[in-house]
Amino acid sequence: MKGSEKITVVACYDYSMAALCDGADMLLVGDSAGMVVLGYDSTTRVTMDEMCLFTGAVSRGRKDSMVVGDLPFMSYQACTADAIRNSGRLVRAGADAVKLEGGAAVADAVRGVTGAGIPVMGHIGLLPQTAALSGGYRVQGRTRESALRLAEDAKALEEAGAFAIVLEMVAEEAARMVTKSVGVPTIGIGSGAGCDGQVLVLHDMLGLYGRFRPKFAKVYADLSGEVAGAVAGFKAEVESSQFPRPENSFYMDAGEADGLDR
């Protein structure tokens, strides 16, 4: 995959949307579901049970796309055994691979999970699960030193067996350098055009998440207004008795309703 066609990844969380997004190379069941679907204020509250539920829904909706399930906060950090056990849960739910955040610090976990036969996607740069501990949501790799650290992390993940690495909110020059330094594909999100592929959250692509809109996200179809308009139209037609109409209703056989209105 690296060096050939660009890789497209869409983060989505349910059966219906997965069926519509099946043309993407990969469907990422991100722990961002906690924010855009469950309304949490961060991804750290997402549980394994919730991730298994979302992963199962997406896997049932796809036909061709690879499904990658996110390991949520504290499902893999304590020990390699946890990482293997919880990765197995996501695979049983329907994932083809799992994703976890961190560089060299999680290399042992990556090695353990891949050793158990489960493909792993790495994730470096901005790490949403621990962003509060590292100064918040800031662009990574803006200095030469930090860019080189990212490259070291990427190489550690590759050596541990990761088949791809997400680069989140990494300065474009640094992301391009990291991409060239490893033999596995990099998937950028807010990291410029030099990565081997790109991932976006479906709700950002469709303008459906109202709390904030990341600078790196492009709205390909702003559906929030259309959804609100559809609900308003439904409400108005119900209140004015315009809905349901005859074509939306069912009727008894001829003669069976005689006398029922007395």
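Going from the start of the chain as shown, residues are counted 1 onward.
Glycine is no exception: its Cβ is also placed from the backbone N, Cα and C atoms.
What Swiss-Prot says about this one:
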ACT_SITE  Glu168  active site, proton acceptor
BINDING   Asp31, Asp70, Glu101  Mg(2+) binding site
BINDING   Asp31, Ser32, Asp70, Lys99  3-methyl-2-oxobutanoate binding site
Glu168 (active site, proton acceptor), number of other Cβ atoms within 10 Å: 23
Asp70 (Mg(2+) binding site) and Lys99 (3-methyl-2-oxobutanoate binding site), Cα-Cα, nearest whole angstrom: 5
Entries of Asp70, Glu101, Glu168 which, being recorded positions, have CA atoms within 10 angstroms of Ser32 (3-methyl-2-oxobutanoate binding site): Asp70
Long-range Cβ environment of Asp31 (Mg(2+) binding site), under 8 Å and at least 6 residues apart: Thr43, Val46, Met51, Asp70, Pro72, Phe73, Pro128, Gln129
Shell list (3-methyl-2-oxobutanoate; ref centroid = CB of Asp31, Ser32, Asp70, Lys99; cutoff 8 A): Ala11, Leu28, Val29, Gly30, Ala33, Thr43, Val46, Met51, Gly69, Leu71, Pro72
Tertiary neighbours of Glu101 (Mg(2+) binding site) (same chain, Cβ under 8 Å, six or more apart): His123, Ile124, Leu127, Pro128, Gln129, Thr130
3-methyl-2-oxobutanoate site span - longest C-alpha distance across Asp31, Ser32, Asp70, Lys99, in Å: 13
Collapsed DSSP category at Lys99 (3-methyl-2-oxobutanoate binding site): strand
